[in-house]
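*Asks:* One structure, pasted below without further comment.
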């Protein structure tokens, strides 16, 4: 370990910043946010420094570097564009045993500034030891995406509750189990973010009074159409908090690699015409695991409320009184069409879009007359095995023979493949495609020739 990571208490303590340009301005913001009593020494100052000085937030000393300013300092930053000046500052601090950061010169500095994720009072610092600031920044961005914005409010509220929790729960084990439930309670976090004090108090009271082995909860999460980059931030947060993840065939390996490492995984692979695990059994798995007190994530491809049977699964939980929530996902129609260069609506071609299941229960029938109407786009989910029937019915009800169609296989994935033609070819085209696949019918398919961006990447 080349550097010891520490957090400094600078509130009301003298700090010196040497430099008055844009880099120095960024450092000044950090020091002011930390509550430092800041003096800035430079030949010239960017306008923002004058604003801060007029507001009494810092003191400006114009001129050459003045070593006497170090006499009362706890910490110094050298942020000029003159290497010689920066070196003088560093040397002077070394003699006085004052920690000094030299911007863009980690070898001359006695401390370095990390990339910061600020969820005060929770702080996360990321550093490459000065060897690769860009890498540290990229890691910080990933952590920013994972950590909810309201996490600081939750941490502050936890601090207010510590004494009460200690008197409520007698043992360390009980207190630990309480805090584990507390920090993953979405209802509490959302109430704090919304400043809904009544909801905060009600949720807190329930957490403090219910048995620690109380039933868990189920979160229904839409994984999106395949590309892991299309998973929502909230979806990512949920799969990284799960005790158990119940997932199906449409969830990509890339997304499963993001799941919390020690979470149990239950595969309930499903596809049109074949169910590895019957739907009722899936419902019972969710119920059984939640009743054990676990945080269960039901991870489904696309959006769970669009042909995902999410409603059926939640009805079972609702009837049993198990708490649940839903995180929407990007549905396959949206993701696959975007990655295929096919806009679902267009002023010249389609004023509406219809999402249709091609996998119907026995005896079900679609309104083919309205589906064959002009100026709309049809997207058939799970329609591959019914492609010939879809072709026949649409033609029978008046759709034009030359209506463009596209079949998108493995949409949004690196292995995505798009086969296109006209309606009279749909049944034959389907024989060239493997599941999972989506069928798009409409004049908007013609735009693919110009708008197909993904295959060029």
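Placement of Cβ uses the backbone N, Cα and C atoms for every residue, glycine included.
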*Asks:* Taking 113, 123, 382 as the options, which does Swiss-Prot list with 225, 301, 302, 303, 306, 331, 332, 411 at the S-adenosyl-L-methionine site?
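*Replies:* So the S-adenosyl-L-methionine site in Swiss-Prot includes 225, 301, 302, 303, 306, 331, 332, 411 plus, from the candidates 113, 123, 382, 382.
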*Asks:* Across the region 'Uroporphyrinogen-III C-methyltransferase' (216-457), what does the pLDDT come to on average, as a whole number?
*Replies:* 92
*Asks:* Taking the Cα atoms as reference points, how far is residue 306 (S-adenosyl-L-methionine binding site) from residue 43 (NAD(+) binding site) in Å?
*Replies:* 63
*Asks:* I'd like to confirm something. Which of the recorded positions, 225, 248, 332, 411, has a Cα closest to the Cα of residue 22 (NAD(+) binding site)?
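*Replies:* That would be 225, nearest by Cα distance.
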*Asks:* Can you give me the Cα-Cα distance between residue 225 (S-adenosyl-L-methionine binding site) and residue 248 (active site, proton acceptor) in Å, rounded to a whole number?
*Replies:* 12
*Asks:* Measure from the CA atom of residue 302 (S-adenosyl-L-methionine binding site) to the CA atom of residue 43 (NAD(+) binding site) and give the result in Å, rounded to a whole number.
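*Replies:* About 58 Å separate the Cα atoms of these two residues.
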